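The block underneath contains the structure these notes are about, expressed in structure tokens.
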There are 2 protein chains.
Amino acid sequence: MALKSFIEISPDSHFPMENLPYGVFKPDESSAPRPGVAIGDYVLDLQVITSAGLFNGPILTNSDCFLQPNLNKFLEMGRPAWKEARATIQKLLSSTEPALRDNASLKQKALLPAVKVQMLLPMAIGDYTDFFSSMHHAKNCGLMFRGPENAINPNWFHLPIAYHGRASSIVVSGTDIIRPKGQGHPSGNSPYFGPSRKLDFELEMAAVVGPGNKLGESVDVNEAAEHIFGLVLMNDWSARDIQAWEYVPLGPFLGKSFGTTISPWIVTLDALEPFGCDAPLQNPRPLPYLAEKISKNYDISLEVQIIPAGEEASYVVTRSNFNHLYWTVTQQLAHHTINGCNLRPGDLLGTGTISGPEPESYGCLLELTWNGQKTVSLGGATRKFLEDGDEVIFTGCCKGNGYNVGFGTCSGKIVPSIP
Amino acid sequence: MALKSFIEISPDSHFPMENLPYGVFKPDESSAPRPGVAIGDYVLDLQVITSAGLFNGPILTNSDCFLQPNLNKFLEMGRPAWKEARATIQKLLSSTEPALRDNASLKQKALLPAVKVQMLLPMAIGDYTDFFSSMHHAKNCGLMFRGPENAINPNWFHLPIAYHGRASSIVVSGTDIIRPKGQGHPSGNSPYFGPSRKLDFELEMAAVVGPGNKLGESVDVNEAAEHIFGLVLMNDWSARDIQAWEYVPLGPFLGKSFGTTISPWIVTLDALEPFGCDAPLQNPRPLPYLAEKISKNYDISLEVQIIPAGEEASYVVTRSNFNHLYWTVTQQLAHHTINGCNLRPGDLLGTGTISGPEPESYGCLLELTWNGQKTVSLGGATRKFLEDGDEVIFTGCCKGNGYNVGFGTCSGKIVPSIP
Ligand SMILES: [Ca+2]
Ligand SMILES: [Ca+2]
Ligand SMILES: [Mg+2]
Ligand SMILES: [Mg+2]
Ligand code: NI
């Protein structure tokens, strides 16, 4: 049974009382960025709620964490603060609580129609790391580029493989993606140069780091969840021709760093709790620092749609699920710090492309078209890779009993290279 | 002939009037960080100089760029501001200028003995990229790990290979480096785990980015120098056993991210100008976006010394030179942005290990000991890789006619892993 709010919330909404995801927004072009929470078709302005003195729990009562232009200060405060904020906001929005419900002027200031506000990046991202934690994705990439003998490299089953990504080019959903230029893999002797001919999306999610760790200290895998605030949808746009030519031996660089899109709303681990499920059994058994008492994934349905250039309709190109991940986000975080690397509040840990076992669940065009050997159909149109004008839309949603806990969308449209 | 200051400056000093490198320091433990310039054995406090109204040129006269806790705002202002600041400071410190020379109380506040101040990171580093631009280093690594047939991968001669590094763990010279733990390359079937057994330094320098570029726009290679403020020494500490096991296919990650040390003083390109020299001829000819009208390196002598654990004397283990780089820093920056990736003021672009052609000029122990097949001798002691207690000290210096333009030192001592 769904929790009841004084706000009318459609049963299809991604943002009922059970969710309460955090973001950062501007009420209009000229106002300053501030934190907010999505509720139905509204955004609750946490700056206004703070100024009205309604965060009155022991931790938040005198805090300015929601008077900041991003969530980093709140992220740093950790789970006790997060739980208190969630309880306060859930109570404030409930159908039986008069404080906001019966205060018309406050309600008008604090609850803004979501369609009218401008969403921004929810946090300042110090470092962004991208993992490679779907076995199906790793296998498919290996089959295409190295053949069946050693499709998955032996290290893959022992550690969550990852690389450092580019933080500066992370953008919020809705930002256009400019097609990157660069060198492509040569067919003959010389590389070609120009706008990428193999532009792709990668269906990912990402963990947002809460409290960090000191340089030189490692986070215990069984305490790693205390360092994770929540999850977002993430599109790790990839130029396959640039990537293929540049990546040996130091990994992906310009094939990825032209843009990465995240959804504006961070869904907290607290909201995802009811959708926890067992992670896959790991064989070989991981080393002790990666062996968790409880190895947990989340049942989050993921879907990718494309609106082809010049059309209005969207077409589903893949359906996957977060629960396909072999390495959990807590294992990723513990591994990231085992060498003493310091994480900071707001850091972003991408899961890697989330492909399922069936061809209809592959998480990128590289896999769906098997590197351009076939096409995906979008109504009348077909694609091997993305064309200028194509818009890619991710959605993610957990189905509860009579309600959803959803992520909204993560979208971006491809625009031509700058000459 | 050296420029004359009213401060006595030893002819051996790295920091004469011709240099004037920028850093950030605290006069004492309790005071706030502020920008400074090294002059002989002193640090000039730019906050004090600003407050005294002595930055009186058209750009800086009302600027608060030196009232900041880091150099980012000054970096963003670009070369006109940098040239004006340099001219103002050079005049202020000259033997013929009374403003500071004859003001005893101002002089006492503004000129602090370098040994008494605490140096900090000079800038907030949004993103850190590490290149791989020494051909000798690339060849040696390839010979060790892939054999003579394809020692240098074909892409290497077409583009400056690079990977994204970890920004959070960059520390200033003098910070202890905690030996990382992690998984090492297996001899049998299973990886081993523990403190790294192959801890190494990498002799590098790094460019500090000034004005950035917009996402989607590329910097012309012939204008790239306008986006570079100056250079620092950099030690890209590397755990070779962790790196070897993890790096296929996405590149170095935990083998590097436990710590990177930079020197506290940024030597400006303006100060390095007299030491410019031709970069190596490039064959094959680079693509037009990498073809520079003037392809310039700098003649910077580099030296690595180690003080072995428990000893006081230091021993030189290698001598190299910045001019061994095949890809110039301007080519690196142009390449970095060709896909539209946005650089921001304060970003750090490492050159990669700077190895020369002769074995005595190799830039890391991996090459010097050929992956532990031989040893380097440090007086009585020998090393294959670094031991706990070893201190590694880099120096870099340009020799002018009667003066140096030097970088000071970039040092760090290895301390044991945290259990
Ligand atoms: Ca990815
Ligand atoms: Ca390096
Ligand atoms: Mg990306
Ligand atoms: Mg490093
Ligand atoms: Ni590789």
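Placed from the backbone N, Cα and C atoms, the Cβ positions cover glycine too.
Feature annotations, reproduced from TrEMBL:
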- A:His137: active site, proton acceptor (ACT_SITE)
- A:Asp130, A:Glu202, A:Glu204, A:Asp236: Ca(2+) binding site (BINDING)
- A:Phe132, A:Arg146, A:Gln243, A:Tyr247, A:Thr353: substrate binding site (BINDING)
- A:Asp236, A:Lys256, A:Thr260: Mg(2+) binding site (BINDING)
- A:18-122: domain 'Fumarylacetoacetase N-terminal' (DOMAIN)
- A:131-405: domain 'Fumarylacetoacetase-like C-terminal' (DOMAIN)
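DSSP places the residues of the domain 'Fumarylacetoacetase N-terminal' (A:18-122) in helix, strand and coil in these numbers: 44 helix, 22 strand, 39 coil. Separating the Cα atoms of A:Tyr247 (substrate binding site) and A:Thr260 (Mg(2+) binding site) is a whole-number distance of 18 Å. Here A:Lys256 (Mg(2+) binding site) is positioned 10 angstrom away from A:Glu202 (Ca(2+) binding site), judged by their C-alpha atoms. Spatial neighbours are here defined as Cα atoms within 10 angstroms of one another, and by that definition the neighbours of A:His137 (active site, proton acceptor) among the binding-site residues A:Asp236, A:Gln243, A:Thr353 are A:Thr353.
It is 5 Å from the Cα atom of A:Asp236 (Ca(2+) binding site) to that of A:Thr260 (Mg(2+) binding site). Each residue in the domain 'Fumarylacetoacetase-like C-terminal' (A:131-405) has a pLDDT score, and their mean in this model is 96. Those recorded positions from the list A:His137, A:Glu202, A:Glu204, A:Asp236, A:Thr260, A:Thr353 that have a Cβ under 8 Å from chain B Cβ atoms: none.
DSSP assigns A:Glu202 (Ca(2+) binding site) to coil in the three-state reduction, outside any helix or strand. Taking the mean position of the Cβ atoms of A:Asp236, A:Lys256, A:Thr260 as the Mg(2+) site, the remaining same-chain residues with a Cβ inside 8 Å of that point are A:Asp130, A:Gly165, A:Arg166, A:Glu202, A:Met234, A:Asn235, A:Trp237, A:Ser238, A:Ser257, A:Gly259, A:Gly350.
DSSP classifies A:His137 (active site, proton acceptor) as helix under the three-state reduction. The maximum pairwise C-alpha distance among A:Phe132, A:Arg146, A:Gln243, A:Tyr247, A:Thr353, the residues recorded as binding substrate, is 18 Å.
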